[in-house]
Amino acid sequence: MHNIKKIRNDVEAFKKALNKRFIEIDVDKILSLDENNRDYIQQRELLEKEKKDISKSKDQSLFEKSKKITVEIDNISKLQAGVKNELETILSSIPNIPHPDVPTGKDENSNVEISKSGTIPNFKFKPKSHYELGENLNMLDFDLATKTTGSRFVFVKDKLAMLERALSNFMLDTHVNTNGYEEISPPLIATDATMYGTGQLPKFDNDQFELKLDDSSDRKFLIPTAEVILTNIVKDQIIDKKKLPMRMVASTPCFRKEAGSYGKDTKGMIRQHQFYKVEMVSIVEIDKCLPELDRMTDCATKILDLLKLPYRKIVLCTGDMGFSAEKTFDIEVWLPSEDKYREISSCSSCGSFQARRMKARYKNEKKETVLVGTLNGSGLAVGRTLVAILENYQQEDGSILVPEALKPYMNNIEKIVKI
């Protein structure tokens with residue numbers, strides 16, 4: 001959500017920022033609605049003052065005038081509410097303003113590689129895809145999932161199910177014991193107000209799994225990411241500055257329709273309607289966002305370092321960032337079967353964008369009430385990490401070596417073989 005006062009005070013800066021996002025917004029309409037809204041408020045305040053003055057008078061002849069003023073106040077209030085609603089609807093559909101140091105570009109082709117780490121495996125055989133490996137092991141069953149549930153689902157079985165669970169536990173243990181995050185086991189259902197707070201609504205309504213519940217008039221959704229529920233923990237709060245930074249982590253199933261992904265990654269586990277993800281969320285003082293983003297990204301890459309998986313870090317350009325982000329680092333892991341890097345984590349600073357929607361604040365050194373900064377990042381996507389292990393640790397006979405870091409979570413087995 002955007003600060004209308006800031007827009008009003010520097011219209012050209014706002015327009016330039018939107019241009020960097022490559023979106024078209026009628027800023028003049030926003031300013032016109034804002035002016036009308038303020039005019040109605042001023043008219044109402046003048047009428048309320050006049051009514052108050054009349055109430056102090058003992059002149060009974062003014063009684064009828066007071067009644068007319070009450071009607072006028074009601075009419076103006078309705079007009080003002082309509083204008084305010086239209087203004088907020090437009091503002092809530094506009095993405096966050098990019099941080100000045102984010103590279104300008106229209107799409108992923110303008111993203112900038114920051115670094116690479118790890119050694120890309122040099123196989124003496126043609127590497128198989130994760131879904132070929134999993135099906136040959138009899139541990140990934142996409143056909144059965146299609147039969148029971150539909151496309152973009154999978155049954156993960158036996159040792160691969162164990163590996164998936166091991167990954168989640170390993171990631172949580174690392175983030176809690178080494179990186180200083182507090183583990184949370186949150187609800188998996190969010191209200192529309194909660195989804196609005198982090199920016200999923202109203203913009204991405206069509207990509208959410210909505211629940212139809214007879215016992216409530218509120219709309220409710222399966223969470224697309226734990227970011228939604230964790231970030232909203234501070235909704236409508238004034239937080240004690242001493243509690244900042246707040247760092248939280250959760251491992252949850254996530255649910256997405258993938259509405260804009262028709263025809264993409266139709267095979268395998270890369271893009272599914274249901275998947276597990278370990279999510280990190282930080283709530284910080286507003287001027288600490290970018291240092292916290294660097295820290296969070298390092299926490300995510302540490303997992304890949306421990307698993308000895310090759311990856312690269314990129315900074316997203318203005319046109320490729322998510323709706324709520326002011327700056328984003330993506331971490332991409334190497335997939336041998338595709339001969340390229342694929343996203344496994346996205347870490348974003350949202351500045352005060354989500355906080356303004358949630359009314360999440362704290363008292364600064366001057367005792368002023370100001371908006372917090374919010375950040376979120378995958379640490380990591382569990383299914384995609386499973387994919388990366390299958391492909392990078394595969395052997396010529398189709399077996400999969402277990403990474404050293406995961407052996408304590410896997411009863412110290414060395415290798416996953418066909419059942």
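Indices start at 1 and increase along the chain as displayed.
Every residue, even glycine, has its Cβ placed from backbone N, Cα and C.
Copied over from Swiss-Prot, here are the features:
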- Thr225, Ala226, Glu227, Glu279, Ser378: L-serine binding site (BINDING)
- Arg256, Lys257, Glu258, Glu343, Ile344, Ser345, Ser346: ATP binding site (BINDING)
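For the binding-site residues listed here (Glu227, Glu279, Glu343), the lowest count of other CB atoms within 10 A around the CB belongs to Glu343. Distance between Cα atoms for Glu279 (L-serine binding site) and Arg256 (ATP binding site): 15 Å, as a whole number.
A distance of 16 Å separates the Cα atom of Ile344 (ATP binding site) from that of Ala226 (L-serine binding site). Its own atom aside, the Cβ of Ser346 (ATP binding site) has 22 Cβ atoms within 10 angstroms in the protein chains shown. The two recorded residues, Thr225 (L-serine binding site) and Arg256 (ATP binding site), show a Cα separation of 9 Å. Here the Cα atom of Ala226 (L-serine binding site) is found 17 Å from that of Glu258 (ATP binding site). Report note: the L-serine site is defined by Thr225, Ala226, Glu227, Glu279, Ser378, and the residues of the same chain whose CB lies within 8 Å of the CB centroid of those residues, excluding them, are Val228, Leu230, Ala250, Thr252, Cys254, Lys277, Val278, Met280, Val281, Asn376, Gly377.
Take the Cα of Ser378 (L-serine binding site) and measure to each of the binding-site residues Arg256, Glu343, Ser345: the nearest one is Ser345. Per-site Cβ counts within 10 Å over the binding-site residues Arg256, Lys257 peak at Arg256. Largest Cα to Cα distance within the recorded L-serine binders Thr225, Ala226, Glu227, Glu279, Ser378: about 9 Å as a whole number. All chains included, 28 other C-beta atoms sit within 10 angstroms of the C-beta of Ser378 (L-serine binding site).
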